[in-house]
């Protein structure tokens, strides 16, 4: 029997290697997907083999993550419950996709992951595997063994598996698009998040910084007139604006699995790019397009958060988003100060803004007759309804 395991290199999945090997008498093939996390992948590979893996794959998927997942999160202004840019949720279907590719390559129909029965990730991972490889059988050791962190450490020590036993106050999930922070010290939503929980947004620079972000068809292509690919743009923004203390998100999140959870994220680049993109959309869209886009944006974000990346509706909504983003070309100038961002200006060749029409000092004015006629017809629904109810 062979099992392909999505392997992060952390305690849970390291213990899972040996547990799967012993429980199922299986050969375990581990797959680590690089989606921009700041890990030492050579160390992760060594750890996998020490724990008992028979084969290990490290897959660099940063560009694919940016081009095929993050790009759509930007175009769809993806903020779950108006605040969370879906950093973890976006990465899960890609990781599952890469694990499935290895499983098919190795002719293995057992796939394992380290998600618990309490988290959203189990839903995202299981549904992605079911969509891409319906014949596969999914094993989630953490849903079966019910081991605490202490028991996992004991399990590893008893088998000679080297584990860093110093307790960390926080559980971190990191990728190109963001850093999520969990732990007992921040689980109480009535208490302030301790400063030591943050890494990307530790304030190193005081004052403010001004940046210009250039977009082509909804995709960011340059910072301060310097062209870069999307991976580089995200990396630069995370480092630069994060150093001013910008990019922190804290909210009480409605999880897929049925309860509320206090969630904390560091997402500097995501917030800069999504908010700049939203501003440029408002610049170029008609009012009807703008209202419609706001609606489908929220639907897209909900589907992705809920683990439904392979839901046909997500693809349909995305097609509409692509069509609307054809006009989202231009530049947005922003200012970052602390955890605040404001727009200084924006410009696009597709903006229907007309100074001649909008200016109060010169140009076009409707006549009194035109204004009266417009107001009469515009307010008719409201006035007639009010009259019959009085």
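We number each residue from 1, going along the chain as drawn.
Here the Cβ of each residue, glycine as well, is placed from N, Cα and C on the backbone.
According to Swiss-Prot, the protein has these features:
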BINDING   6, 7, 8, 9, 10, 11, 12, 13, 14, 114  ATP binding site
BINDING   84, 120, 124, 171, 180, 253, 265  L-citrulline binding site
BINDING   116, 120, 121  L-aspartate binding site
Secondary-structure category, per DSSP, in which residue 124 (L-citrulline binding site) falls: helix
Structural state of residue 14 (ATP binding site), classified by DSSP into three states: helix
Recorded ATP site residues 6, 7, 8, 9, 10, 11, 12, 13, 14, 114, farthest C-alpha pair in Å: 13
Additional residues around ATP, ordered along the sequence, whose Cβ is within 8 Å of the centroid of 6, 7, 8, 9, 10, 11, 12, 13, 14, 114: 16
116, 120, 121 excluded, remaining Cβ within 8 Å of their centroid (L-aspartate): 115, 118, 119, 122, 123, 124, 125, 257
Neighbour count (Cβ, 10 Å) for residue 12 (ATP binding site): 19
Distance from residue 12 (ATP binding site) back to residue 180 (L-citrulline binding site), taken between C-alpha atoms, in Å: 17
Alpha-carbon distance [residue 171 (L-citrulline binding site); residue 12 (ATP binding site)] in Å: 11
Pairwise CA distance, residue 120 (L-citrulline binding site) versus residue 6 (ATP binding site), rounded so that it is a whole Å: 16
Alpha-carbon spacing, residue 265 (L-citrulline binding site) to residue 121 (L-aspartate binding site), which is rounded to whole Å: 16
Shortest C-alpha distance to residue 8 (ATP binding site) - which of the binding-site residues 84, 121, 124, 253: 121
Candidate nearest residue 84 (L-citrulline binding site) in space, where candidates are the binding-site residues 6, 10, 14, 121 and distance is Cα-Cα: 121
Cα-to-Cα gap, residue 171 (L-citrulline binding site) vs residue 121 (L-aspartate binding site), nearest whole Å: 14
